[in-house]
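Only one structure is covered here, and it is reproduced in the block below.
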Amino acid sequence: MKRIFLIGYMGAGKTTVGKDLAKRMGLSFIDLDCYIEARYHRTVGQIFAEKGEEAFRDIERRMLHEVAMFEDVLISTGGGAPCFFDNMEFMNETGLTVYLKVSVEELAKRLEICKSTRPVLKGRSGDELVAFIAESLEKRTPHYMKASIVFDAEVMLTETDVHEISEALEKIV
Ligand SMILES: Nc1ncnc2c1ncn2[C@@H]1O[C@H](COP(=O)(O)OP(=O)(O)O)[C@@H](O)[C@H]1O
Ligand SMILES: O=C(O)C1=C[C@@H](OP(=O)(O)O)[C@@H](O)[C@H](O)C1
Ligand SMILES: [Mg+2]
């Protein structure tokens, strides 16, 4: 039975890479944010706006436990998931955790384009966005570094990279 959790900061590529990696490894793919949105009939943005971040983190924790019941699955989590409650320990107990590591500068470049779907980044741009990412990544890194495996995801991962990662993971899971 295989269960892999992809973790990392917003914009690291968890959703994008996760989908390809799952396909390559013959595993089902679940994106935790998409799962939450389907279960609650609300976008992540709507949940933040209507209930606030604290309520979102409770929901996220509950849904993480729900998806961790699935077998032969690759789960891409949201960037904050490993950093609240005992979520990181829980993932390490129930599956293999893989951290996609990207620098502040590269994250800022990617997130400047797609920040609108991420309520945590609302209203931030330019230098302020870079400073926010730097500060929150520093706080989150100790959680991310509890992952079993760390992959450098600084450059766009090619099909060959995904193939290599899947082969490396196949040896472990
Ligand atoms: N390795 C990469 N290099 C460049 N851009 C990427 C890479 N991975 C993802 N992206 C882009 O970054 C954005 C965020 O990717 P996404 O998969 O949603 O990240 P996450 O789920 O970690 O927040 C998307 O616009 C995606 O196309
Ligand atoms: O880092 C975070 O706090 C968040 C990351 C998002 O997921 P992605 O990492 O897939 O963008 C999503 O769960 C929510 O907007 C909060
Ligand atoms: Mg995502």
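These residue numbers are counts, starting from 1, taken along the chain as shown.
Cβ from N, Cα, C; glycine included.
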### Task
From Arg118, Arg124, grab the residue that TrEMBL records in the same ATP site as Gly11, Ala12, Gly13, Lys14, Thr15, Thr16.
Arg118
## Note on the structure
Expressed in angstrom and rounded to a whole number, the substrate site built from Asp33, Arg57, Gly79, Arg140 spans a maximum Cα-Cα distance of 18
### Query
Do any of the binding-site residues Gly13, Thr16, Asp33, Arg118 touch ligand 2, in the sense that the CB is under 6 Å from one of its atoms?
Asp33, Arg118
### Query
Those binding-site residues, Ala12, Gly13, Lys14, Arg57, Gly79, Arg118: which ones have a Cβ sitting under 6 Å from ligand 3?
Lys14
### Query
Cβ under 6 Å from ligand 1: which of the binding-site residues Gly13, Thr15, Asp33 qualify?
Gly13, Thr15
